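S.K.: Pasting a structure below so you can have a look.
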Amino acid sequence: QQSNVTSFSATALAIITLEAFAGMWINAFLVSVLCIAWVKKKALNSNEKILMFLGCSRFCYLCFSWVYCSLSVTYANYLFVHPAFQLTVFFQSFSNCFNLWVSACLCVFYCIKIANFRNSCFIHLKVKTDRIVPLLLLGSVFSALAIGITSYDIADKKLSNSHNYTTQGNLLKLTSKTDDVFFHMYFIYGFGFVTSFTAVIFSALLLLFSLWRHKCKMQTNSMNNLSMDAHIKAMKSILSFVIMYSINFIFLILSLISSTKEEKYVVFISLLFLYAFPGVHSLILIFSNPKLKNTLVRILSCVKCKVCMR
């Protein structure tokens, strides 16, 4: 069937495409640099492992989300051909939850690595950090995979009961029972959002409390201003980290609620931020890492020189 694209849909798709491809390029750069370093050193530290998984998860998330968004705008009927819809649900659920939980792993890692508490359990976690990180990443993969399979199974069972299949192309004819399918899938998405967001907030609060207590001790002991400035800078970066994740969580929930009510302008604004967040946050992580920052500056300077020579 021919596509039915309005001017608003075309503009929205163009903007989202620019954001998605920019985010994919940034995360591809992040993964490429870390993979090259892995080949050269034959080892990666815990922080680099998390960053590499985070870059991979965000690249996959942006790819699947952009494909879904493009098809839903241009040829929406292709999404409702068996088993295209079930596969779309699986990849969307897997990539979304994997991205969120690896992001939460990064925040948990910073909390364990930087925070300073005298609790024996916390000290044990700090000592065993390098062993815990692979388990966290592996757990994120399997958990996201379990949610993706569950979403696929729900979509397959519900849609097979609530849809009739035509003989040509098995085109699914939607019925009113489809809302029940989306309710179950959105409930699974919400579970993934809430668990990751809770881990991020809890870790960030512990880290802020530890830094604030350390700052108070330095003031009492009349420590030098350079150390004080470093801790204040760390607290500001963590607060901005929490604010970004909070806004991202709000837009995630808002996009789910708005999509059920078919409020296209609210969904569009939500998608603008959701597609921009993986690229912007990864760019911040690149500039906060000296090795990644120097590599990016070197590449950009080479590109600039070649452009000037032309």
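Keep in mind that glycine also has a Cβ here, set from the backbone N, Cα and C atoms.
Whatever TrEMBL says is automated annotation, not expert-curated.
Note that the structure is a prediction, hence the values are computed from the model and not measured.
Pulled the feature table from TrEMBL, pasting it below:
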TRANSMEM  12-39  transmembrane segment
TRANSMEM  59-81  transmembrane segment
TRANSMEM  93-112  transmembrane segment
TRANSMEM  132-152  transmembrane segment
TRANSMEM  186-209  transmembrane segment
TRANSMEM  238-259  transmembrane segment
TRANSMEM  265-288  transmembrane segment
S.K.: Hey, which of 12-39, 93-112, 132-152 has the most Cβ-Cβ pairs under 8 Å against the transmembrane segment (265-288)?
M.R.: 12-39
S.K.: With CB pairs under 8 Å as the measure, which of the listed stretches 12-39, 93-112, 132-152, 186-209, 238-259 comes out on top against the transmembrane segment (59-81)?
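M.R.: Ranking 12-39, 93-112, 132-152, 186-209, 238-259 by Cβ pairs under 8 Å to the transmembrane segment (59-81) puts 12-39 first.
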S.K.: Are there residues at least 6 beyond the ends of the transmembrane segment (93-112) whose Cβ is under 8 Å from a Cβ of it, and what are they?
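M.R.: Contacts of the transmembrane segment (93-112) (Cβ under 8 Å, skipping residues fewer than 6 from its ends): 46-47, 50-51, 53-54, 57-58, 60-61, 63-65, 122, 125-126, 129, 132-133, 136-137, 140-141, 143-145, 147-148, 150-152, 185, 188-189, 192-193, 195-197, 199-200, 203-204, 206-207, 238, 241, 245, 278, 281.
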